[in-house]
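> This is the structure I want to talk about, given as structure tokens.
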Amino acid sequence: DRQTLVAVLQFLRRSNLRESEEILRREARLLGDDLGGNVATVATSSPGVAAVAAVPPGKGETRGHCGVCPFSRREPREVGSSCAARSLRGSPLCWDTRVGAVVVEDQPDVSAVLSAYNQQGDPTLYEEYYSGLKHFIECSLDCHRAELSQLFYPLFVHMYLELVYNQHESEAKSFFERFHGDQECYYQDDLRVLSSLTKKEHMKGNETMLDFRTSKFVLRISRDSYQLLKRHLQEKQNNQIWNIVQEHLYIDIFDGMPRSKQQIDAMVGSLAGEAKREANKAKVFFGLLKEPEFDVPLDDEDEEGENEEGKPKKKKPKKDNVGSKSKKQDPNAPPQNRIPLPELKDSDKLDKVMNMKEAARRVRLGPECLPSICFYTFLNAYQGLTAVDITDDSSMIVGGFADSTVRVWSVTPKKLRSVKTAADLSLIDKESDDVLERIMDEKTASELKILYGHSGPVYGTSFSPDRNYLLSCSEDGTVRLWSLQTFTCLVGYKGHNYPVWDTQFSPYGYYFVSGGHDRVARLWATDHYQPLRIFAGHLADVTCTRFHPNSNYIATGSADRTIRLWDVLNGNCVRIFTGHKGPIHSLAFSPNGRFLATGATDGRVLLWDIGHGLMVGELKGHTDTIYALRFSRDGEILASGSMDNTVRLWDAVKAFEDLETDDFTTATGHINLPENSQELLLGTYMTKSTPVVHLHFTRRNLLLAAGAYSSQ
């Protein structure tokens, strides 16, 4: 494109970048002739200078081809650096970079983002281009067809947006109508949003559109399939499609057999395609922390129980691992002092002792011994039940409601009491043995306490492990910390500007996490009013959050249909899991910290191996959104609760045994899921008409479930 080159050369001259101008002049012939050949760009050290060099394709690496550098579509500030945005190996990082810096994926200026669509392709030929490629892919060999079919959706979206941006409205409409039916069913919701963008003006404020434009859509394709595609596009001189492939797609090439349709379908479906393989390579310390040792006056019964079971880990429900031999340091565990954790108080030690006594009487679950289930139904919940949590010792249950209230119930005969007033407290003998009992005001005893303070529906609730505090988060953008001694609000944490969908205490207390409509998750400490970490990276709302049992990592599920694992220490994203076909609504870590279970609106439960960063199972059975997941205390059983009014129990031991995680699988992501998950289903339990919103295993492995009866 001579005009482009001339424009760039003039700009370089005006900016006194003579050296770059000379290099570009020399290479112009090469750039023009070898369309997308082995031209990779090299970021040079002097600021604003981009050099171009021929790099032979290396073995097994990801390569992006620079082809005709579409300089003309950049804003002037980026011109000097846009070629330098590719790394030495030519992997297409993100265009929006600063020279010499690591890629910065900021939310860029809207007009700058959209200007990339300012292409001068002939609008009438778009349908021809697309149907030509479609014909080619459909006629290719079966082994390549499945892989190349992944191109249909991102190309369809970008070509449509390009037509709309350049105001070819009738062509855009006809293009959409002709090809939208060819897309995979799990993209229907996105296509519905897309169909409403019919004018250039609509694109300015549309978030989905911006995400699609700024984040490269990732496709994982074998080298053979990629070469086939490249050859076809070059023979056909199909520059329009080739430009989109280079500009907007990130093709992650691997050496080896192409993947089958089943393998691809299991992994795709998120807003930005699959995760790059590089994203799941970082080391994750998924082991459990060593339990602090303290002397416990054990009686015979307890001693015997402990010897059988090993010393149990205490704290949050599903975080408890009885089988864990906490005497030895787990080789996969993080260093004990990797993040500062609160010291154990005397009351915590007492609680641990209680926990061990309970653990000695714990029922060993398995396919032959399923748990009893106790269901707490919220009747006449006209306020609209939106969140539930149960304390670790199963003594209290809390409901968050759409009328902005938080209601706490005692589910034991012991009533809820507040601390006496200051005047009354001054009369108490502080040295007496039962001082903790005396400070409570019997007149306030009741089995229900209502907490007022939020100004919108309450979407998430979480008890602290020591049962002294309660968190709630709401549509009003705040997270509130309530005292369960006085039943009053202690702090309102303001950081999210939009609704906060979920919050959860760390299994060690002190830290908590929140996630919301602003697409970020925040890590807080109860004594700081500002967040300690902000985890940014999701392309849509963060809908659910969970701490890893060792508290060093946080998992977040999002409406962008991905799950991310974040390192609390440095705020980095260390895992990205794709495969769900709808927003994620539930997460659960296995008690040993090795696995993660996730549930979404697609009615599937997916199982992930955290260490290898791979999907290792898919549990099908539910017919509606899965809002609750929980592992039993020993990790033998996974319980799932759904809007389809059922609780299902799955054999977790069988699901995780004989996992094939050899080097080839980890390197290429060729996952082999068992065909039939029905073999893992141990039981299905229907409610009359109550969607299940929360599940909890007691310390003795009784399963508690909760939900609000719906009369429809």
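Every residue gets a Cβ built from N, Cα and C, even glycine.
As annotated by TrEMBL, domain 'TFIID subunit TAF5 NTD2' applies to 121-249. Feature annotation from TrEMBL assigns region 'Disordered' to 296-350. TrEMBL lists 296-307 with the feature compositional bias 'Acidic residues'. The compositional bias 'Basic and acidic residues' feature in TrEMBL is assigned to 319-330. What TrEMBL lists as repeat 'WD' is 378-419, 451-486, 493-524, 535-576, 577-610, 619-651.
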> Can at least 3 Cβ pairs under 8 A be found between the repeat 'WD' (577-610) and the repeat 'WD' (619-651), with each pair 6 or more apart in sequence?
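Result for the repeat 'WD' (577-610) with the repeat 'WD' (619-651) is yes.
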> Do any residues of this chain, six or more beyond the ends of the repeat 'WD' (451-486), have a C-beta under 8 angstroms from a C-beta of it, and if so which?
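For the repeat 'WD' (451-486), the nonlocal Cβ contacts are 314-316, 345, 347-348, 351, 384, 386-393, 395-396, 398-408, 416, 418-419, 492-505, 507-509, 512, 514, 516, 524, 526.
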> Average the pLDDT scores across the repeat 'WD' (535-576) and report the rounded value.
94
> By DSSP, how many residues in the repeat 'WD' (577-610) are helix, how many strand, and how many coil?
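When I sort the residues of the repeat 'WD' (577-610) into the three classes, I find 0 helix, 20 strand, 14 coil.
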